[in-house]
Amino acid sequence: MTLATTAPRRCRDDLEALARQAGRDLEEASAAEIVRWAADTFGDRFAVTSSMQDTALAHLVSQQVPGVDVVFLDTGYHFPETLGTADAASVTIPINLVTVRPRQTVAEQDATLGPELYRRNPELCCQLRKVAPLERALTNYDAWATGIRRDESPTRANTPVVSWDARRGKVKIAPLARWSQDDVDRYVADNGVLTNPLLDDGYPSVGCWPCTRRVAEGEDARAGRWAGRAKTECGIHR
Ligand code: SF4
């Protein structure tokens with residue numbers, strides 16, 4: 001199957017109604033069924049996002065939708081391993097990697113807002129380097145898929161499989177919402193899916209290097225993200 005090239009343009013009200021109905025209808029559906037619905041419904045107005053922690057979702061979607069757009073936010077603060085994973089994904093999986101960058105480089109941001117904004121105001125740093133770029137990147141899509149899962153953290157425990165992203169006016173799809181880490185690991189092993197090498201180096205959750213540390217035995221998987229701060233999310237999934 002390939003993406004429909006002339007997906008119908010829908011108004012905001014229609015998209016919201018679609019999202020709410022699908023959220024109910026697809027709660028028990030498999031990840032592959034959810035992806036199929038998204039591809040059939042939105043055609044080329046559907047994109048996947050990936051942090052390049054692993055490429056399970058990108059791989060899963062690409063099996064049904066070869067050439068699907070996969071949006072990767074290059075914040076300027078990624079570990080080399082993450083950039084390497086993105087490069088490798090673009091040549092080993094049938095996807096169209098869409099790398100999105102903030103309006104300012106890190107050097108430009110340092111010059112205008114001072115160095116190490118991530119220490120002084122991580123909310124603003126994430127807004128400038130993740131949230132705003134994603135909103136710009138999603139302009140030409142009606143629906144976007146994310147790999148977030150309910151088991152990742154208490155803040156993600158109620159993630160719907162399909163929901164209305166009112167802030168962006170998009171349908172938000174989380175095909176893996178009901179998966180566990182074991183489900184991801186099994187999919188990765190069964191399909192030879194590319195993963196970020198940092199996952200095997202003490203980083204079960206991979207973000208920007210200034211805001212990510214290794215976790216200790218028994219710690220929550222996301223304990224290494226913005227460690228020592230009240231912040232637990234970058235703001236994309238609020
Ligand atoms: S995770 Fe840290 S470095 Fe990355 S955008 Fe957010 S505050 Fe900035």
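Here, residue 1 is simply the first one shown, and the rest follow in order.
Just so it is clear, glycine is given a Cβ too, placed from its N, Cα and C backbone atoms.
Curation does not apply to TrEMBL; its annotations are automatic.
The model shown is predicted, which means the values in this text are computed figures rather than measured ones.
The following features are taken from TrEMBL:
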type	residues	note
ACT_SITE	C234	active site, nucleophile
BINDING	C125, C126, C208, C211	[4Fe-4S] cluster binding site
DOMAIN	50-213	domain 'Phosphoadenosine phosphosulphate reductase'
Inquiry  = Please list, in sequence order, every residue of the chain apart from C125, C126, C208, C211 whose Cβ lies within 8 Å of the Cβ centroid of the [4Fe-4S] cluster site.
reply    = T75, Y77, Y118, P122, R129, K130, G207, P210, W226, C234
Ask   = Given the recorded positions C125, C126, C208, C211, C234, which one has the fewest other C-beta atoms within 10 angstroms of its C-beta?
value = C211
Task = Look up C125 ([4Fe-4S] cluster binding site) in the DSSP assignment and reduce it to helix, strand or coil.
result = helix
Stretch-averaged pLDDT - the domain 'Phosphoadenosine phosphosulphate reductase' (50-213) = 96
Nearest-integer angstrom distance between the alpha carbons (Cα) of C126 ([4Fe-4S] cluster binding site) and C234 (active site, nucleophile) = 6
Key: Three-state secondary structure, which DSSP defines for C211 ([4Fe-4S] cluster binding site)   = helix
Query = Roughly how many Å separate the Cα of C125 ([4Fe-4S] cluster binding site) from that of C234 (active site, nucleophile), to the nearest whole number?
reply = 9
Task = Would you mind reading off the Cα separation of C211 ([4Fe-4S] cluster binding site) from the residue listed as 'active site, nucleophile', to the nearest angstrom?
result = 10
